[in-house]
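In what follows, a structure is listed as structure tokens, so that the remarks can point back to it.
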Amino acid sequence: MKSLKKQRRIQVIILATVALVLATGLIGYAMRDGINFFRAPSDIIAEPPQPSETFRIGGLVEDGTLVRGQGETVRFSVTDGGASVPVVFTGVLPDLFAENQGMIGTGRYVNGVFEASEILAKHDETYMPKEVMDALKEQGVYQAPES
């Protein structure tokens, strides 16, 4: 009788372990498209990502680079003070989007151009995303806003 209980306990433990491994694998598989890593322009130039990789880029919209094309296509460059990456975006830009202002874009880096699928602008005059602030500090061009 004891060996039957012991055998049942071992079966339950094995089944629970298999279920846990399977659940972890399914969660990881489901999240693979939902995780976007942040990169500064200097990081992209130093180590260009694969064209199939979706990630976020952040920095300042470089002065004098904002060009509105046909329809809703917009071209500009993003800089962190150390490097500059050209960006192309088709869609409606946020109201607060402007040259020399902070932005974060989501998209892919293809043939030396970041093809953005989404553009976010900073919220107000003093807000800057932490990732962008860190990248600008790393390049030595960050200026704290006047309070």
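Placement of Cβ uses the backbone N, Cα and C atoms for every residue, glycine included.
Features as listed in Swiss-Prot:
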BINDING   His123, Tyr127  heme binding site
TOPO_DOM  1-9  topological domain 'Cytoplasmic'
TOPO_DOM  31-147  topological domain 'Periplasmic'
TRANSMEM  10-30  transmembrane segment
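Beyond its flanks by at least six residues, the transmembrane segment (10-30) meets no residue of its own chain at a Cβ-Cβ distance under 8 Å. Taken residue by residue, the topological domain 'Periplasmic' (31-147) breaks down under DSSP into 17 helix, 44 strand, 56 coil.
Confidence annotation: the topological domain 'Periplasmic' (31-147) carries a mean pLDDT of 83 in the model.
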